[in-house]
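Annotated features in Swiss-Prot:
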type: BINDING; residues: HIS110, HIS113, ASP120, HIS211; note: Zn(2+) 1 binding site
type: BINDING; residues: ASP147, HIS150; note: Zn(2+) 2 binding site
type: COMPBIAS; residues: 245-263; note: compositional bias 'Pro residues'
type: DISULFID; residues: CYS44-CYS265; note: disulfide bond
type: DISULFID; residues: CYS187-CYS235; note: disulfide bond
type: DISULFID; residues: CYS216-CYS223; note: disulfide bond
type: REGION; residues: 224-263; note: region 'Disordered'
type: SIGNAL; residues: 1-19; note: signal peptide
Amino acid sequence: MKNTVIALLALLASAGSLAATPWQKITQPIGGSAQSIGAFSNGCIVGAEALPLSAPGYQVMRTDQRRYFGHPDLVQFIQRLSNQVHNKGMGTVLIGDMGMPAGGRFNGGHASHQTGLDVDIFLQLPQTRWTSSQLLKPQALDLVASDGKHVVPSLWSPQISQLIKLAAEDSEVTRIFVNPAIKQQLCLDAGSDRQWLRKVRPWFQHRAHMHVRLRCPAGSLECEDQAPPPPGDGCGAELQSWFEPPKPGSTPPVKKTPPPLPPSCQALLDEHVL
């Protein structure tokens, strides 16, 4: 996992330097009623909407990458969440990657974000709106200590817990991925109101942002939902297992070959990519 802001920014920069995928050649949404197709890590979208690039409650980062498209449900979720944050005077929500105009596989940085139902949101809430140069080259705030087991106390705030909780309490949200150390801090902060913690899942990296995932929309018949998270708040043995050293003799997982596209997504590529 990355341990510094510099490393986080290097990861973002490297994603843009890799060879383009066919999906990046589709520069506008595919016309039609909104349909998320396939799985979050192997799919596409018809009828995506562009998130308006600025609103009173949020700003969109790295707009030059054109990753601000998603299912209308995702656009509406971002607007709901940012309105809540704005009305509470918590600051400005910083929106990172959503998806490309037709969804599909990125050239780097993400395995998912393919069906228009995922969004990355920075875990910082500036009181002063960022300038255009700050938005194009955002400074990620690494909240995780160098030991990987705790958050940095001077960087953590109750507002970050509240931001994640507001997102988790939205009925359209099924999962929120954060670093295990961030999940652990949320468990400590939560008090007796813990039902929302079930949706917050520990995952690699995610030291400066949360990755929010929505459920498959009712009208998207070819969309594949994940199984629900396990029962409970996820603050027990499962979470602690993330902090254990690797078992002797364990080897890193082998990178898998991407599976074939869903037929409907392959048909979109065949029709729209020369």
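The backbone N, Cα and C atoms fix where each Cβ goes, glycine too.
Model, not experiment: these values are computed from the prediction.
Cα separation, HIS110 (Zn(2+) 1 binding site) to HIS150 (Zn(2+) 2 binding site), rounded: 25 Å. Of CYS44, ASP120, HIS211, CYS235, all annotated as recorded positions, the residue with the shortest Cα distance to CYS223 (disulfide bond) is CYS44. Nearest in space to CYS216 (disulfide bond), taking C-alpha to C-alpha distance over the binding-site residues HIS113, ASP120, ASP147, HIS150, is HIS113.
Across the binding-site residues listed here (HIS110, HIS113, HIS150, HIS211), the residue whose Cβ sits among the most other Cβ atoms within 10 Å is HIS113. The Cβ of CYS187 has fewer other Cβ atoms within 10 Å than any other of the disulfide-bonded residues CYS44, CYS187, CYS216, CYS223.
Look at ASP120 (Zn(2+) 1 binding site): DSSP puts it in a strand. In this structure, CYS235 is the one among the disulfide-bonded residues CYS235, CYS265 with the smallest number of other Cβ atoms inside 10 Å of its Cβ. In this structure, ASP147 is the one among the binding-site residues ASP120, ASP147 with the smallest number of other Cβ atoms inside 10 Å of its Cβ. In three-state terms derived from DSSP, CYS187 (disulfide bond) belongs to a helical segment.
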